[in-house]
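Here TrEMBL flags 9-16, 56-60, 118-121 as GTP 1 binding site. The GTP 2 binding site annotation in TrEMBL covers 183-190, 230-234, 295-298. The domain 'EngA-type G' feature in TrEMBL is assigned to 3-166, 177-350.
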Ligand SMILES: Nc1nc2c(ncn2[C@@H]2O[C@H](COP(=O)(O)OP(=O)(O)OP(=O)(O)O)[C@@H](O)[C@H]2O)c(=O)[nH]1
Ligand SMILES: Nc1nc2c(ncn2[C@@H]2O[C@H](COP(=O)(O)OP(=O)(O)OP(=O)(O)O)[C@@H](O)[C@H]2O)c(=O)[nH]1
């Protein structure tokens, strides 16, 4: 489970600014996906190799106006789940009465606390901190978030409070593909999980209180093993109101982080909501494979089904590569297709390329359509090699690749997707300029490799 750090403070002290600084690096993959809704409140940050979840609570202002119940609830949940709370204050404004009130409230929750004193730029640090020493919190960290200063000190202060994330299970075939089922309250997650478990299984009852645990449920379908990662599904079916109270964005994010394939469950009657799109955005941020399942299909008229299909097409064009399946968790229909889609997504996410097939594909793509001139620059693409899996990554070497038009990057992505039949997984293309893939290689090449190398170099020169 990803440990959680909650950012709390009065409005305008700089919480979102700090949040953006901390989570910035994680946005690369989805940075320019049109149509994708970002979540400004939840992001993942890394401390060395250990990821943790940062939650910008934004709403805990003492002024509940304009904050809907669900948001306020999410703030409560964030603090309840936090390993540590960063209480942010404003050095320019000094210590305010509302700061004291918030702190009294936070103390009641018994969480470890750090006071981050922001906006210290241009001020004397010692003097700024002294003002806040009156709060009686042991750790005071000076920050200038908008200048990106002080975050190292903050991370250092956080470190001892962040429990190390359990190491991911070895990707063992015995355990099966790790599948998370996520979705808004009431879309049918519990029904689906129970249906996949089979009627005869004993369902683990309530998990209330086990805030830091997720339940892993091994299942077998059509002779294949899966490990369902469940944070909400396996439990007694709650009444709707309770369910909404229990819905936790944090738990959803933790499931996504722990899974290999994420099934995003939608209510077919309602089409794709803002919250659904945001959830898919989180899946992409974590580069996970994804299957979109429209549930309660049994309940729909022909007209409603068409409506649902149109909504999926329009609102989810940024994940056009994800498979859509139409299911009824209640009646058990479409589940075989769902699990096949999970298999395909997993196979694509773990696809291992070899360099020669990549180079042949790159060549074919290049011949089909060459990068257009951008401000007089003509980018060149020379050779490609595999860069890893989960998500599958292709590294392309060339020159002036930063001038590659976005449309050309998309063209390449679609070309590779089609060629390698990649479905249900993000695909990462990395561009590098002016590097020789053979530089620094000490081992002697075989004859075949030498011929291949000559061919690559010839082709590269031709371009
Ligand atoms: N001088 C200075 N200004 C800052 C710093 N950090 C943030 N600000 C400014 O403070 C203002 C508020 O910043 P936000 O990050 O929006 O504050 P917030 O706490 O998220 O505010 P709410 O969303 O209202 O809760 C913005 O104008 C920022 O540019 C800083 O380190 N120094
Ligand atoms: N008609 C129909 N109803 C369904 C289907 N799947 C679930 N439901 C109903 O939808 C309601 C909510 O189902 P749950 O499985 O509790 O939904 P959930 O997503 O786990 O809800 P939370 O507990 O809020 O997370 C229940 O009344 C289910 O019977 C389906 O395929 N068809």
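Backbone N, Cα and C atoms are what each Cβ position is placed from, and that goes for glycine too.
Any TrEMBL annotation is an automated prediction that lacks curation.
Small disclaimer: the values here were computed from a predicted structure and weren't measured.
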Candidates 183, 186, 189 (binding-site residues) - the one closest to residue 15 (GTP 1 binding site) by CA: 183
Of the binding-site residues listed as 9, 12, 57, 120, the one whose CA lies nearest the CA of residue 189 (GTP 2 binding site): 57
Cα-nearest neighbour of residue 57 (GTP 1 binding site) within the listed binding-site residues, 183, 186, 297: 183
Long-range Cβ environment of residue 120 (GTP 1 binding site), under 8 Å and at least 6 residues apart: 91, 128, 142, 143, 144, 149, 150
Least buried by Cβ count (within 10 Å) of the binding-site residues 15, 189: 15
Among 15, 120, 297, the binding-site residues whose C-beta sits under 6 Å from ligand 2: none
Entry from the binding-site residues list 12, 57, 186 having the most other CB atoms no farther than 10 A: 57
Sequence-ordered binding-site residues from 12, 15, 120, 186, 189, 297 with Cβ under 6 Å of an atom of ligand 1: 12, 15
Using Cα positions only, nearest of the binding-site residues to residue 12 (GTP 1 binding site) (183, 186, 297): 183
